[in-house]
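The structure appears below as structure tokens.
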């Protein structure tokens, strides 16, 4: 965990690489988070290497694998892993306190089917995840880049959709969620023209929140205030 990369996007939506040496100033760790990283990383942490993971070796079994991009503090990811022990889960997060919090929660919950990267998701997907190996890819509440001039910096772009499609098995699902309606519309525009996908919504728009995605405290509060959340699920069909 000595170096972390972050992805940036230019105005055409192309990925740029910005490598920086990791320093603790980039995120203050609580004692609990630091201790969790120290004690749990050897068993749950995945050190980035530009070679495809052997998932059966990593998890000690063969099982369908779910990958989440940007899990934040990790509470929902840990809950999903706890509620679906038959699945393998991989989480990717560049924010170190989030990694520490996730590992702490996972250890407290006794979760054994979760592995975590502290690295840029684009590099992990491009180099460390084999094509056709994932059952589901999750992208929940990504940065909306709400200013119009920044929309092309949003992670959901045609190139990204194709990358996710390659990593999914046939029949695998790309599940997105956002609390910005404009971003949900952007996601639909991108995904509806992306080759090899089928929208799982009956009317070609969004889907109700599926049972596998936990309702977060933030989201529940938003519902009470009349705020919306939009879920999109696209199946790989080719």
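Easy rule for this one: first residue shown is 1, then count along the chain.
Quick reminder: no glycine exception, Cβ is built from N, Cα and C everywhere.
Spatially close to residue 68 (S-adenosyl-L-methionine binding site) yet at least six residues away along the chain are 77, 89, 90, 91, 92, 137, 138, 139, 140, judged by Cβ distances under 8 angstroms. Sequence annotations record features per position, and here Swiss-Prot assigns S-adenosyl-L-methionine binding site to 68, 93, 120, 143 based on sequence analysis.
Sequence annotations record features per position, and here Swiss-Prot assigns active site to 143 based on similarity to another entry. In three-state terms derived from DSSP, residue 143 (S-adenosyl-L-methionine binding site) belongs to neither a helical nor a strand segment and is classed as coil.
The substrate binding site annotation in Swiss-Prot covers 147, 179, 216, 217, 218, 219, and the record cites sequence analysis as its basis. Counting every protein chain shown, the number of other Cβ atoms lying within 10 Å of the Cβ of residue 179 (substrate binding site) is 17.
Same-chain residues at least 6 positions away in sequence with a Cβ under 8 Å from that of residue 143 (S-adenosyl-L-methionine binding site) are, in sequence order, 154, 155. When Cβ neighbours within 10 Å are tallied across all protein chains shown, the highest count among the binding-site residues 93, 120, 219 belongs to 93.
Secondary structure at residue 216 (substrate binding site), as computed by DSSP, is coil.
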